[in-house]
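The next block holds one structure in the form of structure tokens; read it before the comments.
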């Protein structure tokens, strides 16, 4: 956990996360999609290890993440046991187009329970842009996550969908577990950055943030701020985040979305992806 004291630091908290799962589930794709991340490993040896850092904004606080991806091959289980020491959060990653990778999550949970017991974890279904090849139903994965007390996300690095949001949610879980609510005083004076973020996300649905004429890093911060503060709740379904959940909102949530759109100038229909070569079925 990072400290708050030193003014030379460019972050308020430092967290170490592990991405675990079978090989070829796209963990490297998730890391590569973090455009503001640094890829240099602080250690001389990196065989079988991918490392990247990125900084997210969580309720106005800068959280630096050290992200470690150990190869999913069996011979790297020893490496996982070594790197699990000091880990504060774990992302269990599977490929929604590969049933075998989902069935293998049980084995990874056993490894985690043995070598990193009590560490917060979330379940991540990767490659949502290949939903037309889906072998793992969303509802089955969500039920599995709830059974194992995990938050569930379906993500697409290619479409920049839910990647930052998944890291933000895991960061919030970790920091809350370490008593973050005692550090963050509810009557603190909001910074200009906080006020600007609140002003923008209060009148912009989260799925339209990508259409704003802003740099990618700022748009990522806005989406993280929105998710961290429970704003734009029409994009949420329980504690799960996926394309399927976006279609389920109704009642007062649907009305709030209509009110948000009514005060904005006419816009073209929202697109699911920010990249032209991506299509989610």
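Cβ atoms here come from the backbone N, Cα and C positions, even for glycine.
The GTP binding site annotation in Swiss-Prot covers 23, 26, 27, 46, 72, 126, 127, and the record cites similarity to another entry as its basis. Taken from Swiss-Prot, the feature Mg(2+) binding site applies to 46, 69. The compositional bias 'Polar residues' annotation in Swiss-Prot covers 270-281. Here Swiss-Prot flags 273 as S-palmitoyl cysteine, drawing on sequence analysis. The S-geranylgeranyl cysteine feature in Swiss-Prot is assigned to 278. According to Swiss-Prot, the region 'Switch-I' annotation covers 41-49. The region 'Switch-II' annotation in Swiss-Prot covers 72-88, and the record cites sequence analysis as its basis. Sequence annotations record features per position, and here Swiss-Prot assigns region 'Disordered' to 245-281.
Sequence features annotated in Swiss-Prot and their locations in the structure.
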residue : record              : Cβ within 10 Å
23      : GTP binding site    : 13
26      : GTP binding site    : 26
27      : GTP binding site    : 27
69      : Mg(2+) binding site : 22
126     : GTP binding site    : 29
127     : GTP binding site    : 24
Going by DSSP, give the three-state secondary structure for residue 23 (GTP binding site). coil
Spatial separation of residue 69 (Mg(2+) binding site) from residue 27 (GTP binding site) - C-alpha basis, Å: 7
For the C-alpha pair, I'd like the distance in angstrom between residue 69 (Mg(2+) binding site) and residue 23 (GTP binding site), rounded off. 10
